[in-house]
Structures are given as C-alpha cells and as structure tokens.
Amino acid sequence: TISWIVYAEGVPHINNATEVSALPSEVKFSFSKMSEFIYTKSAAIAELKLKRLVDSPEQWKDLDMMKTVFWKNRTPISEYVSEHWKEDDFFGSQFLNGTNPNVIQRCATLPPNFPVTNEMVQPFLKDGSSLAMEMKKGNIFLCDYKRLEGVPTRVVNGKPLSLTAALCLFYKNPEDKLLPIAIQLEQQPSQQNPIFLPSDSEHDWLLAKIFVRNADFSEFQISYHLLGTHLLAEAFTMSTLRSLPIMHPLHKLLIPHFRYTLQINLLARKRLISPDGPLANVRTLNGLKELLKRAHSEITYSSLCLPENIVARGLESIPNFYYREDGLKLWNIINSFVRKMVELFYSSNSEVSRDSELQDWINEIFIHGFLGNNKSGIPKRFDKVEEVVKFITMIIFTVSAQHCALNMGQFDYGGWVPNNPLLLRKAPPTTKGRSSMNTILEVLPNISTTVNNMASTWLLSKRYTDTIPLGTYPDQHFDEAVPLQIIKQFQAELSYLSGSIIKRNATLTLPYNYLNPAEMENSVSI
Ligand SMILES: *[C@@H]1O[C@H](CO)[C@@H](O)[C@H](O)[C@H]1NC(C)=O
Ligand SMILES: *[C@@H]1O[C@H](CO)[C@@H](O)[C@H](O)[C@H]1NC(C)=O
Ligand SMILES: *[C@@H]1O[C@H](CO)[C@@H](O)[C@H](O)[C@H]1NC(C)=O
Ligand SMILES: *[C@@H]1O[C@H](CO)[C@@H](O)[C@H](O)[C@H]1NC(C)=O
Ligand SMILES: CC(=O)N[C@H]1CO[C@H](CO)[C@@H](O)[C@@H]1O
Ligand SMILES: [Fe+2]
C-alpha cells in the first residue's frame with residue numbers, strides 16, 4: 001500500500017514514496033528511455049545548445065541578441081509570438097487562446113481598488129461609447145492577480161524580487177479583438193501606482209504589459225498547472241489506489257487516466273519545485289507553497305467543471321474563444337462516455353448509496369485532496385448515479401483536456417521569454433514617462449535566467465515517444481462487448497472532434513491545437 005503525507009499546509013496531500021521504485025507496481029510504469037531527461041534542465045540546455053550562456057549574469061544588450069539565441073529553437077507559434085508580443089491585440093488574445101485561459105472574467109463593476117475612469121479609457125472605446133455602456137453590454141473583461149499580493153519572493157542583491165499583484169482591464173472591440181485598455185501594477189491605488197494606458201509612451205505601456213505577463217505566468221504555473229492539474233491528479237490517483245479494489249469497475253475505468261502521474265509528480269518535486277528548481281527559485285519554496293495554499297482554498301468543484309466555470313466567469317459568448325469552444329465539446333464527449341459506463345455499473349441510485357468502496361473513495365478525495373473544505377462543494381458521498389457521472393467526468397477532463405490545454409503551449413507562448421518572464425529583476429515603475437528600451441532590458445531576466453527559462457518551458461512541453469492518446473486503452477481492463485462498444489463510440493467522437501479542429505486550424509493565423517484529442521494524453525504524465 002501507499003500512504004498519504006502532508007506536502008505543505010493547505011495543499012492536497014501527496015503520496016509518501018520518495019523514489020519511483022517505492023511506488024505500487026500498478027502505477028509504476030516503465031518509463032521510456034527519454035524519461036531520464038524529463039525535467040532535467042542540463043539535458044535541455046545541451047539540447048537547445050545554450051551551454052555557453054547558462055551562467056552569464058549579464059543583461060541582454062538588445063532584444064535582437066536574445067532573438068539569435070531563441071531563433072534556433074523556435075516553433076511556428078513561438079516565432080509568431082516573438083514578432084507580435086508587443087501588439088495589444090496579440091497580448092489580449094493570449095488570455096483566451098493562449099496557455100492560461102483561466103484568469104480572465106467578464107467585468108460588470110470595477111473592483112473598488114482599481115479606479116479606472118471613463119476619461120481614461122474612452123479614447124480606446126468605440127466612438128460615442130463609454131466605459132459604463134461597454135460594461136453593460138458585456139464587452140469589458142478583467143484579469144485580477146490579487147492572489148499574488150505579498151507572496152514571498154527570493155532576495156537578490158539585498159532586495160526581494162517583485163511579483164506584482166497586477167490588474168488588467170480589457171475591451172472586446174466591434175472587430176472582436178480583445179484589447180488591454182488599463183493596467184494597474186499593484187493592488188492599492190496611489191500616486192506611486194499609476195494606471196497605465198495604451199496612450200502612454202510606448203515603453204511605459206510595454207513595461208506595464210510585461211509585468212502583467214509575469215503575474216500571469218506565476219498564476220498559470222503554480223495555481224492552475226501544478227495545483228489544478230498535477231496535484232489534484234495525484235489526489236485522485238491515490239484515492240483510487242487506496243479505496244477502489246482492482247476489480248472495481250471504476251478502478252478499471254480510471255486507472256489508465258493516472259498513468260505516469262505519481263512518477264512525474266515525484267520527479268517534479270525533485271527537479272522543478274525543489275528549493276533550487278526553476279519554479280521555486282523565484283518565489284522561494286515558501287512563496288510557492290503560500291501561493292498553492294491560497295489557490296487551493298479557492299478551488300471549488302464548480303470551478304473544475306468547465307461548463308460551470310465558463311458561466312461563472314461570464315465567458316459564454318465572447319467570440320473566438322477556442323479553449324471554451326473545444327473544451328465544452330470535449331467535456332460533453334467525455335460526459336456521454338462516462339455516463340454510459342457508469343450506468344452500466346450502477347443500475348439504480350441505491351446501488352450507488354450502498355457501494356461502500358465508492359463512498360470511501362469520494363470521502364478520501366474530500367479529506368485528502370480538498371482537506372475537508374466544505375466550501376469547496378466537493379461531495380463527501382454519493383447518493384445518485386448522476387453525481388458519480390459528473391465527478392468522474394470532471395476527473396477525466398481535468399487530467400486529460402485541462403492538463404493538455406495548459407501544458408502543451410508552454411514553449412509556444414513562453415519560449416520567447418519577454419512574453420512570459422519567469423521573473424523580473426526590478427520593481428514595477430511608480431511614475432510614468434521615465435522608461436526606455438534600456439529600462440525594459442534592465443527589468444527582463446538576465447541572460448542566465450532567460451536561458452534557463454527557455455529550457456524549463458521546453459522541458460515542460462516535451463512529449464513522450466510512448467504517448468497514449470485520450471480514449472485509447474491498450475491495457476484492455478474491460479473485455480465484455482458492451483463496454484468495448486462504448487469505448488469505440490467514445491473514440492469515434494473524439495476522432496470527429498479532432499478532425500474539425502484540424503480543419504479549423506488550417507484557416508487560422510495562429511492555430512489553437514491544445515485541445516485536439518489526438519494530441520492529448522489520457523493522463524497527467526509530463
Ligand atoms: C509509505 O507508506 C507505506 C504504508 O504505510 C509503507 O509501507 C511504506 O514503507 C512507506 N514508504 C515510505 C517511502 O516511507
Ligand atoms: C543573473 O545571473 C546569475 C547567474 O550567473 C544569477 O546567479 C543571478 O541571480 C541572476 N539573476 C538576477 C535576478 O540577477
Ligand atoms: C483567438 O485567436 C484567433 C486566432 O489567432 C484570433 O483570430 C482571435 O481573434 C483570438 N480571439 C480573441 C478574442 O482575441
Ligand atoms: C463541514 O461540515 C460538517 C457538517 O456538515 C462539520 O461537521 C465540519 O466540521 C465542517 N468542516 C469544516 C472544515 O468546516
Ligand atoms: C499546430 C498545428 O496543427 N498546426 C498546423 C495547422 O495547419 C497548418 C496548415 O494546414 C499546418 O501547417 C500546421 O502544422
Ligand atoms: Fe504538466
């Protein structure tokens with residue numbers, strides 16, 4: 001057996017193995033050869049031919065110099081990013097179509113600490129319109145990074161690195177572009193915390209956007225990727241191993257969706273979020289754990305269910321939002337598959353109520369994954385078939401689709417580091433009109449950090465050679481005709497969706513392929 005241990009206060013419990021060899025044989029898969037390099041930065045640095053630069057404490061002389069390094073390792077999308085990262089409509093589109101579609105929400109009233117006035121932003125709105133009118137029409141959106149406020153960061157040269165709890169306001173214009181129209185870099189409004197506008201000097205505005213991207217990167221990597229997919233997946237895996245016997249039909253249904261998860265999380269804890277790993281080194285391990293704790297206290301069952309998540313954020317109708325469009329289709333396909341399977345296992349609600357192994361399982365998830373937090377809305381027990389269907393849908397969606405949406409584009413959007421800086425070396429500007437290109441180079445990571453940043457995003461978006469795409473079950477846990485037929489139908493629907501995503505991709509300047517089922521794995525495995 002395997003035991004739960006506490007990883008950090010306020011964070012899902014994890015498994016007690018300290019080495020891959022200690023994992024239960026059922027989930028101890030033999031890694032392919034390449035896996036030895038998983039999360040091993042030195043390997044990535046060698047592969048990207050960055051060795052020469054990795055220890056350089058120097059600042060970049062100009063962005064062209066950075067580009068020559070980046071150029072050798074670009075992908076079509078990261079190349080596009082390196083050319084368009086300064087443009088407002090590209091900047092805006094990333095909060096919907098990039099790797100972190102999780103933060104943005106419709107804004108019906110401004111937060112009281114973000115005193116944007118109509119005078120400030122009217123010039124950027126449609127002629128004759130006003131901020132109030134556009135809010136009423138549902139065309140104003142907000143990213144608020146308040147959760148980052150006061151998260152401890154690493155001290156460099158006697159000063160803690162900054163991690164700005166920024167606010168960014170967006171306008172969906174009549175051409176359906178999403179444009180940033182106001183940015184405040186700290187939560188408390190004051191003279192020293194001006195609201196930046198697109199009409200400010202080019203470098204002031206670009207600098208403000210860089211700080212927003214940095215805040216977004218922290219939330220993305222820690223709250224949504226690490227916590228929202230990897231650590232939750234570990235809790236689901238652990239509960240399944242501990243509470244559902246191998247012959248339990250839900251064990252058979254779920255276990256392929258946990259392939260590699262415990263292994264990869266173990267490696268992540270050793271290599272990525274170790275005290276000197278790239279993810280801890282900006283915020284320190286304490287800062288990282290503090291952010292995990294804050295984010296975890298706000299996770300709800302509803303926020304993990306995409307249809308409810310989209311409605312809660314008011315994003316039902318914003319156009320060209322591919323994460324929503326593909327994600328809802330995938331949710332429905334997974335849901336209909338899970339429903340057929342679960343209805344096969346349980347023919348009545350009372351069978352659900354009476355299944356004590358199932359009750360232990362969900363209770364274990366509630367206690368160890370969600371720390372018994374009643375406010376999370378995570379069920380403590382199941383009394384209806386429907387409740388089981390929804391929960392299993394959420395699990396499979398989270399470990400396959402949601403993880404892929406977040407994981408797969410990391411190098412595309414983060415390989416060009418100015419677009420996704422892991423850290424910034426200077427505090428945010430407190431006045432307007434004082435920045436130049438040199439200020440931007442002083443703020444951006446030094447050569448060593450940049451190169452490490454590129455290597456980390458490269459590692460994180462790597463693919464295995466032995467991937468198992470969503471809906472394929474080579475281990476054949478089921479052998480009866482009916483479940484096999486249900487699986488076949490699931491595969492057919494996934495394949496149809498994949499075809500339509502590929503067709504759409506061909507018509508887009510910037511394809512959105514991160515929810516293409518053919519590219520997606522069954523489990524969190526990288
Ligand atoms: C994990 O817990 C199990 C069960 O309590 C125990 O047998 C095993 O030795 C523990 N493993 C480690 C590495 O502590
Ligand atoms: C810059 O480069 C060196 C590595 O040579 C590193 O130790 C230093 O902390 C870096 N980061 C900052 C923010 O100066
Ligand atoms: C999303 O990306 C597509 C393709 O690049 C683009 O046409 C669309 O405008 C983007 N959506 C928004 C709201 O920016
Ligand atoms: C959750 O609610 C139950 C009663 O429904 C209560 O006994 C328990 O103390 C609550 N837990 C927390 C952490 O508030
Ligand atoms: C990511 C992706 O699928 N990209 C493809 C989108 O479509 C173009 C044109 O068909 C292909 O060249 C890309 O490889
Ligand atoms: Fe991942």
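A Cβ is built for glycine as well, from the same backbone N, Cα and C atoms used for every other residue.
Database features (TrEMBL):
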- His225, His230, His403, Ile526: Fe cation binding site (BINDING)
- 1-526: domain 'Lipoxygenase' (DOMAIN)
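This view paints the features noted in TrEMBL onto the structure.
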| residue | record | DSSP (3 states) |
| --- | --- | --- |
| His225 | Fe cation binding site | helix |
| His230 | Fe cation binding site | helix |
| His403 | Fe cation binding site | helix |
| Ile526 | Fe cation binding site | coil |
* Structure fact -> Model confidence for the domain 'Lipoxygenase' (1-526), as mean pLDDT, reads 93
* Structure fact -> Same-chain, non-site residues whose Cβ lies within 8 A of the His225, His230, His403, Ile526 Cβ center for Fe cation are Leu226, Thr229, Ala233, Ile264, Leu406, Asn407, Leu460, Val524
* Asked: Under a criterion of Cβ-Cβ distance under 8 Å and sequence separation of at least 6, what residues of the same chain contact His403 (Fe cation binding site)?
  -> His225, Thr229, His230, Ala233, Glu521, Val524
